[in-house]
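Here TrEMBL flags A:100 as active site. Annotation source TrEMBL lists active site, proton acceptor at A:167. Per TrEMBL, the feature Mn(2+) 2 binding site maps to A:98, A:133, A:200. For A:133, A:168, A:450, the entry in TrEMBL reads Mn(2+) 1 binding site. The feature substrate binding site is assigned by TrEMBL to A:200, A:233, A:335, A:348, A:422, A:450. Residues or ranges marked as domain 'Peptidase M20 dimerisation' by TrEMBL: A:213-371. Look at TrEMBL and you will find A:233 tagged as site 'Important for catalytic activity'.
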């Protein structure tokens with residue numbers, strides 16, 4: 001059951017109106033990470049709520065309490081829960097999106113005003129903060145609803161919505177809301193949800209649509225080495241005392257090799273090697289070593305083998321050294337022996353790794369390596385935060401529907417990808433609801449989410465709207 | 001020829017007046033490192049110049065030009081050149097001191113107002129910024145002059161003075177002045193100088209006076225590793241690309257061991273081992289491992305052997321890792337892969353090491369270690385600045401005079417020490433004038449120069465004034 005032809009046609013003929021909707025959304029600078037913009041995030045919630053209501057969605061704004069930001073206590077912006085359709089014969093799909101955005105100032109290097117959507121008619125780019133992350137996809141869903149309302153078409157599935165305004169600032173309050181609504185059973189907003197669809201990531205490249213079925217988890221560590229009571233002058237005490245930086249650098253050098261192998265015993269070993277069949281998946285992705293090197297702006301791929309590089313990003317754990325707190329970090333030369341230094345590193349986790357399994361291995365290893373240094377300084381290791389990895393079953397009808405929809409709209413087989421980063425709400429939905437979660441991106445890999453000149457290509461927005469609607473029809477058609 | 005009894009007596013009976021002179025000097029907040037205090041440094045120069053003139057010293061204020069600080073162009077405070085006595089039968093001694101001070105705010109943790117000299121009658125401490133560094137010693141010289149003037153005594157030597165107001169901010173302009181005045185020969189201010197005396201360091205402890213005859217030099221390095229064109233997200237690119245931090249940490253871990261051995265081939269080896277006689281000097285110093293550990297506030301001495309610890313500070317090179325520019329340095333957790341990171345470290349040098357001999361060894365070693373990493377990132381090594389070490393001949397009459405003066409005033413044998421840090425002007429005087437330079441400290445090791453609650457003990461100030469005067473008599477008496 002592909003989407004009706006009139007649906008597709010309506011989207012094409014109303015493209016300009018839909019772009020205006022995106023422009024209206026971008027014009028509200030709903031930056032969750034700046035206290036001074038909090039009112040705009042709330043304004044955005046009300047604007048979106050109004051749109052949903054006018055398109056027939058029953059909603060509730062949920063107060064998520066207060067938090068402290070920049071030393072001020074602030075009310076969190078409300079989350080929006082929505083419901084449309086209660087037909088027991090239809091599948092029920094939960095849609096997630098976020099209406100807050102990253103900070104943006106023209107002075108950061110934008111070519112245009114970040115909160116004014118600019119349509120570049122030459123390139124087809126719709127440029128503005130939030131265009132691709134994540135207002136474009138939310139507007140896509142509104143476009144689908146408007147099309148059905150205008151045409152008097154019935155939706156092929158029941159929909160539930162969960163939109164938040166704090167994703168760019170840690171999704172504060174959302175996990176509790178999801179868990180509590182799930183626990184309520186029949187009384188909860190997520191009762192009867194059959195699957196989840198999240199559009200908040202990107203294609204691998206600028207050519208080929210993708211579906212994402214895995215995310216890495218994370219364990220973030222802080223290694224603290226301290227010795228003297230205060231910072232020392234290296235002239236006075238160099239070679240007279242054990243220096244915390246020397247010890248810390250020695251420890252940090254024992255974590256990972258320049259080609260990415262993790263040296264903490266048991267970490268890499270926990271992950272089963274990919275067999276030839278799995279390697280084929282990576283070799284067949286429309287993403288080359290040259291694409292990776294273009295994306296990072298340097299010829300620094302960790303291997304000349306495509307599968308090795310892509311698996312390194314998608315299905316292998318990785319360990320990155322982020323920096324040191326407490327040491328000299330400025331320009332110029334300062335001859336300090338810092339008294340207390342904290343090395344920061346994190347390990348991206350893949351199944352079956354979890355923070356609970358990994359953290360003890362890291363702590364034990366660091367303590368044993370520190371003992372070998374014979375230093376009189378003191379070591380402590382903290383895990384600052386952690387999150388489990390997530391992998392979905394790509395043989396589930398939810399993925400089958402998305403693959404068919406992609407073929408129908410883009411006439412292409414989508415890349416099936418795992419992402420190296422985390423989208424924590426994905427795991428919350430998967431674990432709380434116990435249903436299949438699909439990541440169905442709208443934008444391209446070069447959209448520059450979080451960066452200057454963020455854009456969504458017009459074709460991704462319009463074809464993406466078709467993709468979202470078509471996915472609902474394909475999902476409805478498959479016998480679960 | 002010890003100092004006349006009336007000199008010593010006058011100093012004792014006029015102690016309160018001399019303390020008032022120090023209080024007047026401390027009251028002028030001559031902070032050279034703050035643009036807003038520049039006028040006070042100039043005011044201090046004029047105040048000191050007036051004192052010198054009133055005590056019979058011919059002076060000249062020397063304009064040192066301009067410099068840029070905090071984005072403003074500022075005039076450098078003038079240096080003061082002074083002259084007293086031209087008797088060809090007498091020795092001529094050049095005195096150096098600096099009348100600028102480190103910044104100080106009560107909110108830094110001072111118990112009293114930093115620019116008001118507080119006399120703690122219980123402990124005998126004179127507390128205030130600049131009390132020990134370096135206004136106390138300069139006032140000591142003024143006290144010596146005043147005593148002679150009041151008593152109608154003739155000085156036993158000719159004196160030359162060189163006082164600057166930028167020592168705490170890199171002594172800008174001073175080296176050129178010294179070199180040019182020296183080159184002028186008969187026309188220059190330093191013509192005929194037989195030796196130099198600098199009071200700008202401290203006893204090792206709070207008990208035993210010392211003379212300092214050596215300072216370490218310095219080579220300061222910046223190792224830059226870069227790869228991607230911009231910072232990357234560790235989720236997106238961890239284990240897909242060579243990470244600059246991994247390479248940098250690997251390199252920094254290969255420079256020094258936790259017990260201070262320098263791993264750059266040829267650096268430690270350049271310094272001849274101490275023979276038993278030299279070790280005896282260190283074992284006999286009134287400075288224990290417990291003193292070192294008290295000073296740093298931690299039981300972290302690099303060895304249980306006293307001579308090893310003291311030689312590590314005074315006569316061995318040391319390598320300290322100071323920090324990293326460009327990496328994450330804040331509190332909390334940030335999952336960045338920094339694009340370009342610069343590791344900072346420095347090597348304190350001792351004779352016969354010089355930056356010219358050491359730097360090529362460091363560059364070559366780092367390049368060869370980097371090659372072993374097989375990374376596709378790029379390395380560059382810069383030497384940010386360097387200075388030669390300095391060691392004086394302690395058998396020179398200049399030291400002999402200071403030793404005799406110490407015995408006369410303190411009834412103690414002074415510790416003969418080398419310092420781990422640098423006082424660059426020492427080397428400039430030694431090299432330009434080609435004469436013996438003596439470091440004759442007035443204050444104690446716990447004075448807290450550069451720190452909060454900086455103090456000079458009353459006894460160090462008053463006995464120190466006697467020491468400076470007595471030193472002149474002893475110097476005059478020795479047949480050079």
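Including glycine, each Cβ sits where the backbone N, Cα and C put it.
Keep in mind that TrEMBL annotations are predicted by a computer and have not been checked by a curator.
Apart from A:133, A:168, A:450, the Mn(2+) 1 site neighbourhood in this chain, defined by C-beta within 8 angstroms of the site C-beta centre, holds A:101, A:102, A:130, A:134, A:167, A:449, A:454.
Long-range Cβ contacts of residue A:200 (Mn(2+) 2 binding site) within its own chain (separation 6+, distance under 8 Å): A:96, A:97, A:98, A:133, A:134, A:137, A:167, A:423, A:439, A:441. For the residue listed as 'active site', the nearest neighbour among the listed binding-site residues (A:233, A:335, A:450), judged by C-alpha distance, is A:450. Within 8 A of the CB centroid of the Mn(2+) 2 site residues A:98, A:133, A:200, the other residues of that chain are A:97, A:134, A:137, A:167, A:168, A:199, A:449.
Contact annotation for chain B: of the listed recorded positions (A:98, A:100, A:133, A:233, A:422), A:233, A:422 place their CB atoms under 8 A from a CB atom of that chain.
Separating the Cα atoms of residue A:168 (Mn(2+) 1 binding site) and residue A:422 (substrate binding site) is a whole-number distance of 12 Å. Under the three-state DSSP scheme, residue A:133 (Mn(2+) 2 binding site) falls in the coil class. Listed in sequence order, the residues of the same chain lying 6 or more apart from residue A:348 (substrate binding site) and placing their CB within less than 8 Å of its CB are A:216, A:217, A:218, A:317, A:318, A:319, A:320, A:420, A:421. Cα of residue A:450 (Mn(2+) 1 binding site) to Cα of residue A:233 (substrate binding site): a distance of 41 Å.
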